[in-house]
Every structure is written in structure tokens, then in C-alpha cells.
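These come from Swiss-Prot:
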ACT_SITE  D380  active site, 4-aspartylphosphate intermediate
BINDING   D636, D640  Mg(2+) binding site
COMPBIAS  1-11  compositional bias 'Basic and acidic residues'
COMPBIAS  17-50  compositional bias 'Acidic residues'
REGION    1-71  region 'Disordered'
TOPO_DOM  1-117  topological domain 'Cytoplasmic'
TOPO_DOM  139-142  topological domain 'Extracellular'
TOPO_DOM  163-293  topological domain 'Cytoplasmic'
TOPO_DOM  316-326  topological domain 'Extracellular'
TOPO_DOM  350-721  topological domain 'Cytoplasmic'
TOPO_DOM  741-756  topological domain 'Extracellular'
TOPO_DOM  777-826  topological domain 'Cytoplasmic'
TOPO_DOM  848-859  topological domain 'Extracellular'
TOPO_DOM  877-920  topological domain 'Cytoplasmic'
TRANSMEM  118-138  transmembrane segment
TRANSMEM  143-162  transmembrane segment
TRANSMEM  294-315  transmembrane segment
TRANSMEM  327-349  transmembrane segment
TRANSMEM  722-740  transmembrane segment
TRANSMEM  757-776  transmembrane segment
TRANSMEM  827-847  transmembrane segment
TRANSMEM  860-876  transmembrane segment
Amino acid sequence: MSDERITEKPPHQQPESEGEPVPEEEVEEETEEEVPDEQSSEDDDIDGLIDELQSQEAHEEAEEDDGPAAAGEARKIPEELLQTDPSVGLSSDEVVNRRKKYGLNQMREESENLLVKFLMFFIGPIQFVMEAAAVLAAGLEDWVDFGVICGLLFLNAGVGFIQEFQAGSIVEELKKTLANTATVIRDGSVQEAPANEIVPGDILKLEDGTVIPADGRLVTEECFLQVDQSSITGESLAVDKHYGDEVFSSSTVKRGEGFMIVTATGDNTFVGRAASLVNAAAGGQGHFTEVLNGIGVILLVLVVITLLLIWTACFYRTVRIVPILRYTLGITIVGVPVGLPAVVTTTMAGGAAYLAKKQAIVQKLSAIESLAGVEILCSDKTGTLTKNKLSLHEPYTVEGVSSDDLMLTACLAASRKKKGLDAIDKAFLKSLAQYPKAKGALTKYKVLEFHPFDPVSKKVTAVVESPEGERIICVKGAPLFVLKTVEEDHPIPEDVHENYENKVAELASRGFRALGVARKRGEGHWEILGVMPCMDPPRDDTAATVNEAKRLGLSVKMLTGDAVGIAKETCRQLGLGTNIYDAERLGLGGGGSMPGSEMYDFVENADGFAEVFPQHKFAVVDILQQRGYLVAMTGDGVNDAPSLKKADTGIAVEGATDAARSAADIVFLAPGLSAIIDALKTSRQIFHRMYAYVVYRIALSLHLEIFLGLWIAILNHSLDIDLIVFIAIFADVATLAIAYDNAPFSPSPVKWNLPRLWGMSIMMGIILAAGTWITLTTMFLPKGGIIQNFGSIDGILFLEISLTENWLIFITRAVGPFWSSIPSWQLAGAVFVVDVVATMFTLFGWWSQNWTDIVTVVRIYIWSIGIFCCLGGAYYLMSESETFDRLMNGKPLKENKSTRSVEDFLASMRRVSTQHEKGN
């Protein structure tokens, strides 16, 4: 490519200031546009442009209806390497040397061994017991039991591995946010180079639409750009950039031209450091896995206690080692539910498939359980609560000026080029449909001169010719600067001046961005016309969804990069509360200046925070979690990734970046919060199914541990090992269909309440064991007791155990009495099939060496129904007990003084650490 001289004139922008409403956010080209009498061929047809914008708006709405501190320290680049001549760039040899030293411009990939990942699913308390049982079965040459146990192990690992494999790699997705190619100055010429080959010190050319591939700073004097970095900082509109300002990788140039020097690449960029924050976030096992492992440990302890009792009795009777090992195998199989991980994982996988139909993609199965218990929802504003597009509100006009007149003047002071339109211009042109007079008159005016936004005067100026041939100067811009333009021409009446300033102040306090509009006709005086407020509006369904979230026991907190005023106004419209604070009060590292306990109270009671950076979001989630809350975080940008990963449930909303999607636990393809609330209800249904199954399965384990332990210890006899294995298989096969059961959802967040769970499970297990013990012991009465004319003891006990255990699921699945909720046909059918098979086992003596007559089988059914009624009554009484209800739904205990002291100490340490880092 031939050499290209590098000259740059300062482009202009529309204004943004902190002391007043900020109108224009996207970059105009700095070069003044001189429009001759004959319209430029480059200008787009205004009617076609308006129609296209309005058509796009309608299409977007139709689709909706359907539907910088970092964890890791950046590698510093020596300043002498950042003195590249912008007109020449780096030499090819220097590029090669720097690439060798600093590497490619891409995220470092953590290699993942899929085999190791698969083998990790064989680690855990329950898995260890299952593996020990398999080894014991192999030692006894009991290959049937060995095969069944191994099959269950691999089933559990397979389901979990497949689900986790689909989640993908967070670093890989963050890498995808980088641009693909870049325009670079090397060897004195302009070249196209792959983005991953950019090195520190490279000179890059930026223009409209450029996706910036690396961090850097602008080196073109008097340049002005507007850069969309909403996916990084959360700011809803483009940000002004001047000479010497920093720009970040993965952000987009909306308007303007200039050159930048690369100061950081790959992992050292803002996005790269965000990746390190994500990787530093809690990525452990998850709350559900912790609960499951805790249950497994307790069951394992109970198994050991039972085995000690049995071994003591056997040694006292001098029982031979082989029977002792068989007893050990039997207790091991029944004591720890071999199918618990598989059934629960399958239940959640079925729920994930159901959520997928609702356009919610579950990337981690444990997220379903976490979402069901979420108490606080931290939501990003832009694109989540709002539409992420500007809309105009009711204009303020001075006396004697019509709204159409103000609208016409504002639209005349706008670019006629499609590529030159910024968010403000688009909002005005799309809103012309509401001002038919202004729309009809717009095409009759001829543009003579157009001056894009001037960052000094903070306004856009256009000189037009009316249909009558009158020369008119139209301006729009920062309200007070427009007012100053008029005042410099002639005095403004005091009442007009006062009303105008009051309106501007009111709009600023309500969080609106505002544009002042004025004009000058011919040789006359300047006229102030009024103010047009604009805002990124809330989604149509957000307010109703927020109210529904509150009814479901959720506290919603908004975290946004926008100003406090904008955040408060958005919250006011949505009913979120107005306790919105500047994130600076949290401190750079989340510590702030308040004592730790006060900071925790401050975060807990706030309705949201504005002007936040990634570390602020991360800190808010962390503080709430330390207070004992389960926290969900919604987001759509790179800046949300760390807190999405940190949260108990990370939610990537519709339109989220790849980085946010990969960091999230659940990805939504449908827009708005309504889809999240639907998923919340579904997750609570799934949680209820899991909770019912766990209570059921623990009760079954305790049932057989108690019964078999007593039988072996007292009578020196046990059920046939093969029948024990079939009981375990039948119990889990029958309940695999619970994933498709009809289940209610709780009106409040649900959690694993282990005291309540264990209390109910123990009572169910004792009643089951008592029923089976009575069945066994009354057989030896003169007339056979409950079971008369019995054939095989093993066969009868096998049937009684199978029936009562299988029917227990109908009790635990219900919220009230077992008859208050009809089970799904899948669950009822599965239990029926298992009951039929168990009956066939008993009738024909399979594995029990003797058949049983039909009369005895009927008596077993009648006796089992009686036990079932006792179980149902006891479960209902416990579920209606105030004590159990308080344990299940009670709020977390208030922190005590020692907890608050720990919070104060941790906050102090964070402040010391932050000051030390800043000092270095």
C-alpha cells in the first residue's frame, strides 16, 4: 500500500457536562461541512432516512413484543516504547521483536483437560461410598451388584459432564470481544493487520465504526471522538475523547477520526484485567453441591455407626468374614443413596431443558437451585431495565412557540448523512411522526451550511434556507450555552429567562439529558425556542415485572454507570425506590470511609448505586453475600462479567456480550426482566421437586439402615444382597420422573433448611422402619400375625419395602395433604410400573427362592396402605408446624457484635491494601 500522509483536523461533538443536562453524546466529524446550493450527492434523502429509522424502530419494538481497578496487575510498558512517531509508525522488525516480548494481542487461554474434568465427577462423599461399594462387590465376586453400582456412577458423571461442557470457557468468550482487524501505521504506510498481531507502541487509525482492538491513548492533536464503551463501563451513551485520553479495547468509535498509540494488549488491557477478576471470583462447587456433599457426609457417618454396631454383634457371635463383608456391602448400598446425584442431576437437567423452551439457557445446573433461593437481584440499568435507546419527552417551549416549531428547528440542526447521525439525531428524526407539521416542512428547507458539534460552544449549528428564501440559523446544544448565545445578541425578558433556567434545573434533577433550541431569522435577533428532554426509557414491562419480583420476595437493586440523577429518575419510574448513591461512597476497593458494619448496612439498605465500575459491582455482591443473602446479578456487558461470576446466580440478559454470557450461569435470549421472573418461578418448582426427592431419599436410607441394622444385630440375618440392590434401583427409577412432576412454586425465596429436612426425613425413616419391623416380627407368631400363609420372608419384605418406599414420594411432593396435589402421569406411571415389577418378584420368587401366594400379596398391599396413611399424617403435621415453617422460611439471624467487629476489621484491611496499592 502506498504511503499516506497523516493529517487530522479536530472533529466536533455534542455536549456533555457534569453541571447540567448533557445532550449530544456521539461524535460529529470535526471538519466543517460546507453545503452548496445544490445538495451534496452524499447527503441521504431525508424522507427515506426518516422512514428507515421509524421502520427500524417499529421492527425493534415488534421483536421485543414477540419475544478501572482490576484483580490482576497490568504489565507496564516502558514509556520510551510509547514514543512512536504517528506519521511513520513502527518498523516491521520492531513489531516482530515486541510481539516476541509481549505476545499476541489475545487473552491467555487456560488449557482444560476434559478427561480430568470428567473424572472430577467421581469425587465426593457419596461417590466415594459408591466406589467403595463397587470394590467390595468385586471382591465378593458379586458382578451384578458391581455392574449396577458402576452404571449409576457413570450415569451421574455423564449427565453432569455434558451439562458443564456446554457452558464453554469464560476466557475464550472474552477473547472474542476483541476486534478482528485493525488499520495500523507501519513503515510509514497505512496497513491492515490482524488484531491479534497488534503490539504496544503501534499507531492505529480510528474512524467511524472502528472496534478498538487494544487499549491506548489518542495522539492526534485537537482531535475529538465519541466512543461507545457501554459494554465496558455501563455508560448508556458514547463518551467524549480528546487528545491524550485513554481508549479501551472492544469499545467502538461512533464518530470522529484520529490516531491512537497502543499502550496495552491482551491480558494487560481493561478487558483482560476484567478476565482476571472473573477468574478470581468464586468459582467453587456451588451452594447445591455443598448441600449435597453435606448430606452425603452425614449419611456416611450414620453408615459407619451402623456398621460398627453390626461388626460388634458379628464378632461377638464369631460370624465368618464373608457374611460380615456381605452385610457391610448391603448396609453400604442402602445407607448412602447411590442414585442421589444421578436423580437430582437428571431432575435439574430436565428443568434446564424446560427453561430452554422459555429462552433461558442454563449453563450450570446448580444455578437452578441458586435462582430459586435468590433474595436480592442486582440489576444493570442500560439494556436490562431500559431499552438502551434514547427517546424524547414532552418539550418545554417558551411562550408563543409551538412544539412543531421547536422540533423543526432541532431537526434542521442535524446531519443529513446516515453515517453522521448520532443517538440524539436519530431520536429526533424518529420522533417526527408525532409532529406531522414539522415532518412535512423539513424537506422544504435547503441546508446551506452545517457545523457539527463544537466542544467549545457546546452546540450544533446549521444554516438553512426556508421555502420563502429566508436565511435561518438553527442551533441545538447544551441548554445554558444556547441561552448564552441568545443573551449575547440581546437581553432576554426576565420571566422567560427565569422559566427557562428553572426548567433546565428541574430536568437535570430528574435525570434527563436536555437540549436547548434557538434560531435566528435573517438579520433579526436570536430567539430562544425551548428545551427538549431525552432519556433512555424503561422497557414497557419492567415496572410490572419489578412489582412482581417484590411480590415474590425479591429486593431489586440497580447498579449503573450512569449519573445519580438519571439513576434516580429511572428508579422512580420503575418503583424501585430512590435511595440511589454515588458508588464513590463504596471506595475504590469497596471499603469506603465508613466502618465495615456501617458499610454493610449502607449497601444492604440502598436501592442502588450510580457511576459504578466493575470493582464496585463486585464489592456490592460480595458484601451482600457476606450478610448471608443469595444474590443474583443481571448484566449484558464486559463490565458485568466479574460480578456475574461472583454472584450466586449470574444472569446474562438478551443482547449480552459473549463475555457476559460466558460468565453467567443463565443466559436469556428473550428481552426484559419478565423472562427472568418466569425462570424464577420455574426454578422454584424445580427446587421443590429436588427438595421432595432428597427428603424421600434420606428417609429411604434411614429406613433400611435402621431395619437391616437391627435385623442383623439382633437376629443375625439380612435380606438377600441382590434384592437390596433392586430396592435401591427401584427407588431411584420410580422417581426419575419427578423431573416432570406437577409442582407449585413458593411465593418467597426457598433454601435448603437442613434442620427441617433432616427432622422430617428421620421421622419418615423411623415410621417406615417400624412398619417393616412389625411385618418381619409378626411372621413368627403362631398364626402368622399380619402376614398369614406367607411363602418367602425375603419376598414379602421386599414387596412391603418397595411399596411403602415408592409411595412415600407422593407424600413428600405435596405441599399440604398428599391428596391436595395430583402427580403428573409420568411420575404416577413410573411408580405403577415399579410396583408391578416388585409384585412379580414376590409372586414368582425371583431372587427369593420361593413363590408367594396372591392372598399374602393382597395382605401386604393392605398393610402397606396403612403405613402410607401413617406417613401422610405425620408429614402433614410436621409441614404445618410453626416450628418447621419458621425454620424453613425464617429470615437470616441478625449479625451479632462479633460479626460486626469482623466486618469492621475486614473493611479496614481493604482500605490499607488500597492505599498501599495507590502509594505504589
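Residue 1 is the first one shown; counting continues down the chain.
Including glycine, each Cβ sits where the backbone N, Cα and C put it.
Away from its own ends, the transmembrane segment (722-740) comes close to residues 144-145, 148-149, 152, 330, 333-334, 337-339, 342-343, 346-351, 689, 692-693, 696-697, 700, 704, 708, 794, 798, 801-802, 805-806, 809, 813, 824, 826-827, 829-831, 833-834, 837-838, 841, 847-848 of its chain (Cβ-Cβ under 8 Å, at least six residues beyond either end). Annotated pair the residue listed as 'active site, 4-aspartylphosphate intermediate' and D640 (Mg(2+) binding site), C-alpha to C-alpha distance, rounded: 8 Å. A 10 Å cutoff on Cβ-Cβ distances gives D640 (Mg(2+) binding site) a total of 33 other Cβ atoms nearby, all chains included.
Secondary structure at D640 (Mg(2+) binding site), as computed by DSSP, is helix. Counting only same-chain residues 6+ beyond the ends of the topological domain 'Extracellular' (139-142), those with a CB under 8 A from a CB of the stretch are 322, 325-326, 329, 721. Long-range contacts of the transmembrane segment (757-776) within the same chain, counting only residues at least 6 positions beyond its ends with a Cβ under 8 Å from a Cβ of the stretch, are 298, 691, 694-696, 698-707, 710-711, 786-787, 793, 796-797, 800-801, 804-805, 808, 811-812, 860, 863-864, 867, 870-871, 874-875, 878-879, 884. On the 0 to 100 pLDDT scale, the model's mean across the topological domain 'Cytoplasmic' (1-117) is 59.
Here the transmembrane segment (294-315) has long-range neighbours at 124-126, 128-129, 323-324, 327-328, 331-332, 335-337, 340, 694, 698, 701-702, 705, 709, 712-714, 716, 754, 758, meaning same-chain residues at least 6 beyond its ends whose C-beta is under 8 angstroms from one of its own. All protein chains considered, the CB of the residue listed as 'active site, 4-aspartylphosphate intermediate' has 28 other CB atoms within 10 Å.
D636 (Mg(2+) binding site) is surrounded by 27 other CB atoms, counting those within 10 A of its CB over all protein chains shown. Long-range contacts of the topological domain 'Extracellular' (741-756) within its own chain (CB-CB distance under 8 A, at least 6 residues past either end) are made by residues 287-288, 291, 294-295, 369, 372-375, 551-554, 630, 681-682, 684-689, 691-692, 813, 815, 821-824, 826-827, 884, 887-889.
Tertiary neighbourhood of the transmembrane segment (118-138): same-chain residues 145-146, 149-150, 152-153, 156-157, 160-161, 289, 292-293, 296-297, 299-300, 303, 325, 328-329, 332-333, 335-338, 340-341, selected by CB-CB distance under 8 Å and a gap of 6+ residues from either end. Long-range Cβ contacts of the topological domain 'Extracellular' (316-326) within its own chain (Cβ-Cβ under 8 Å, at least 6 residues beyond either end) map to 136, 139-140, 310, 716, 718, 721.
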